[in-house]
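Record features (TrEMBL):
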DOMAIN    17-81  domain 'Chitin synthase N-terminal'
TRANSMEM  426-453  transmembrane segment
TRANSMEM  465-484  transmembrane segment
TRANSMEM  496-518  transmembrane segment
TRANSMEM  538-560  transmembrane segment
TRANSMEM  678-697  transmembrane segment
TRANSMEM  709-731  transmembrane segment
Amino acid sequence: YRVPTESQPRRNKETRKKQLKLIQGNLVIDCPIPSKLLSYLPRKDLNEFTHMRYSAITCDANDFSSAGFTLRPVLEGRETELCICITMYNEDAASMCQTLSGVMRNIAHLNSRRKSRVWGKNGWQKIVVCIMADGRFHTHPRVLDCLALMGLYQPGVAKNKVNGKVVTAHLYEYTTQVCIDPSMNYVGAESGLVPVQMVFCLKEQNTRKINSHRWLFNGFCPSLDPNVCILLDVGTKPGPSSIYQLWKAFDENSNVGGACGEIKVMKGTHWKQLLTNPLVAAQNFEYKISNILDKPFESVFGYITVLPGALSAYRYKAIKNHAEDGTGPLNSYFKSSATYNIFERNMYLAEDRILCWELVAKRGEKWILKYVKAATGETDVPTTLSEFIVQRRRWLNGAFFAAIYSQMHVYRLLKTDHSYARKFLLFVEFFYQLINLSFQFLSLANFYIIVYYISGSMQSPIWDIFFYIFQYLCLMVIGSQFVISLGNRPQGAKQLFLISMIIFALITTYTTICALYFVLSKIFLSHDSENSPLNTPLLSLIISLISTYGLYVLMSIIYLDPWHLITSGIQYFLFLPGYICTLQIHAFCNVHDITWGTKGNDNAMSDLGAASAVTTPDSKTIMVELEVPAEQTDINYDYNVSLAKLRQYSLEIGHGEPESFAVVEGSQDHYHMIRSRLVLAWMAVNYFLVQIITNLVERMESNNGYLYVIMWLVAIMGSLRLVGSLSYLVLRCFEYV
């Protein structure tokens with residue numbers, strides 16, 4: 001006989017039937033933690049350290065409190081200052097441990113601030129960490145093993161039904177004193193960690209991330225009543241003091257209703273991903289410019305278009321609905337589950353943008369949004385083109401329709417309690433966003449027009465040959481993008497999308513060479529005063545270039561963060577036409593696809609068993625009978641199994657890719673007619689713009705009014721970003737004075 005390669009089930013493992021009294025009609029069990037884990041713990045004086053609490057939730061998130069459910073911190077009579085929510089779907093254990101270990105080190109940092117009026121010793125009692133798993137069958141099994149080793153999860157306890165009622169979510173509560181780091185090693189008090197109150201909500205069905213937030217805001221927060229809620233995605237690694245920096249923004253300014261930190265791209269060991277994968281490098285440059293120019297600019301005006309779900313925070317009081325009529329930010333945020341309009345469904349692909357808008361435009365209030373550069377978080381980004389295109393389809397469509405929604409309702413700012421100065425700044429910002437939205441809608445035409453006139457400005461027979469080659473090549477690739485995007489998924493047409501991106505990069509390279517040649521020839525080869533740079537259209541081109549690329553260089557140096565210019569600049573500029581054409585065309589051609597790539601299963605499961613009602617002698621006390629592990633030995637066995645699996649998983653991480661746990665999802669084709677109308681309208685507007693401009697203005701003609709308008713608008717918008725970003729730096733300096 002061969003030796004088994006895996007741990008084998010304990011032969012005498014048993015379960016026994018046990019009768020339990022329901023608490024307010026609900027199944028709540030206190031389960032002792034495994035003996036091995038208990039032996040590691042420095043503190044064993046309280047029940048929250050020695051027992052895991054399981055609750056079988058049989059109601060909707062909105063009815064959590066009214067149905068008699070509660071949380072341990074409430075039972076302990078503790079006030080909650082911070083509620084940290086970590087949302088997950090089918091991510092692996094390494095991603096979970098990366099986020100969780102970062103959060104626990106942040107909590108240890110808060111606990112170490114002895115001079116703080118809020119934090120310091122026992123500050124951990126004011127913090128609750130909620131892990132929201134979107135679907136029991138979608139959760140990676142190694143993640144459950146990690147949580148089991150921390151004491152937060154035990155197999156064999158959960159039930160599908162309680163007294164005939166279907167369980168919608170499984171709630172595990174435990175105050176852990178240990179953590180598993182990304183290398184799958186134990187970390188505890190010897191490394192400076194402090195106890196952490198944790199809640200693990202394992203939803204029975206996959207109902208999307210926004211539903212996980214509904215459990216947080218409508219289910220748990222009314223019981224906890226936290227001051228600030230911090231949202232994290234699994235895979236995001238918060239900086240050592242990021243959570244404190246986010247909380248500090250709310251503590252110092254009572255008008256701050258939401259805040260976000262600086263999202264950084266995970267570059268890999270020794271910047272391996274950054275230097276070897278041009279797609280990662282391009283995204284790194286994009287994130288850096290957003291953190292240096294866009295977020296500071298918007299923060300100064302008081303409205304940030306999106307607080308990234310990877311690292312953001314909200315004041316719970318600010319997002320609560322109006323008590324008198326139930327309207328408000330949360331009501332609008334969770335409206336998506338009841339909407340059937342294609343506009344609203346696409347808009348709610350970027351529901352965090354809706355929450356940002358509703359917060360600033362809240363009736364009778366004056367909440368603002370703030371960017372906190374000191375709060376950093378590293379996140380993993382798509383490393384393959386197909387993943388990147390799928391992600392950006394959701395981002396672009398969600399952002400586009402959310403922007404239209406906010407523009408249509410901008411008048412609501414007049415009903416807020418913002419000062420006149422703040423309202424003026426907000427209206428200026430919304431006008432800026434309107435121009436940006438127009439540019440986005442016409443980006444396809446503008447890209448072709450710029451390529452047409454810059455490459456066509458070369459007055460030579462040889463240059464003419466290249467002009468016609470690249471002109472027709474550009475038209476052919478743009479046209480092919482519609483065919484590819486309408487008929488293929490990115491995962492099934494990887495090579496076609498890649499070839500398109502490469503051709504767009506070649507077109508951009510050629511156009512850049514033409515622009516540089518044009519500028520240098522006008523400056524150094526022209527001796528006629530009438531053709532000097534100050535008397536020709538060259539001035540507009542130079543100012544436009546300085547207000548974009550020059551602005552990137554200048555502000556990166558001022559922010560003392562210039563390395564992305566060297567490591568990622570070229571990759572970004574080569575990918576830029578792909579951002580404009582490939583991503584935008586794919587997004588609009590799939591506007592009918594309002595899925596997140598997830599699908600729920602409405603069938604009630606029975607694999608966990610049920611807690612059935614039993615008759616008691618007095619016929620008054622409601623009791624249920626259920627099967628639970630018979631002995632402490634059985635609990636210890638499950639713990640050892642999880643430990644063995646995690647050890648094997650750590651070896652897989654070190655010697656290749658870990659086992660995949662992806663769920664194949666189907667897709668549904670809806671709203672094809674609406675999609676067709678939108679794409680046809682978009683194509684028609686861009687096509688007619690190209691035809692009108694190229695027929696009215698010869699490519700050799702120097703006075704091109706349309707290009708003048710585009711270039712000077714770019715310059716003006718760049719100047720606004722410059723002023724906003726510099727103002728943010730000045731205001732930030734005053735905060736430290």
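Numbering starts at 1 and runs along the chain as displayed.
Every residue gets a Cβ built from N, Cα and C, even glycine.
TrEMBL entries are annotated by machine, without manual review.
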Practice item. Spell out yes or no: are there three or more C-beta pairs under 8 angstroms between the transmembrane segment (426-453) and the transmembrane segment (538-560), with each pair 6 or more apart in sequence? Key: no
Practice item. Quickly jot the same-chain residues contacting the transmembrane segment (465-484) by Cβ under 8 Å, restricted to those at least six beyond its ends, or write none. Key: 444, 448, 451-452, 455-456, 458, 493, 496-497, 500, 503-504, 507, 510-511, 581-582, 585-586, 589, 679, 683, 699
Exercise for review: Residue list, the transmembrane segment (538-560) vs rest of chain: Cβ under 8 Å, 6 or more residues beyond ends.
Suggested key: 288-289, 292-293, 515, 518-519, 522-523, 569, 707-708, 710-712, 714-715, 717-719, 721-722, 725-726, 729
Practice item. Provide the three-state DSSP residue tally for the domain 'Chitin synthase N-terminal' (17-81): helix first, then strand, then coil. Key: 17 helix, 19 strand, 29 coil
Check your understanding: When the pLDDT values for the domain 'Chitin synthase N-terminal' (17-81) are averaged, what is the result?
Key -> 89
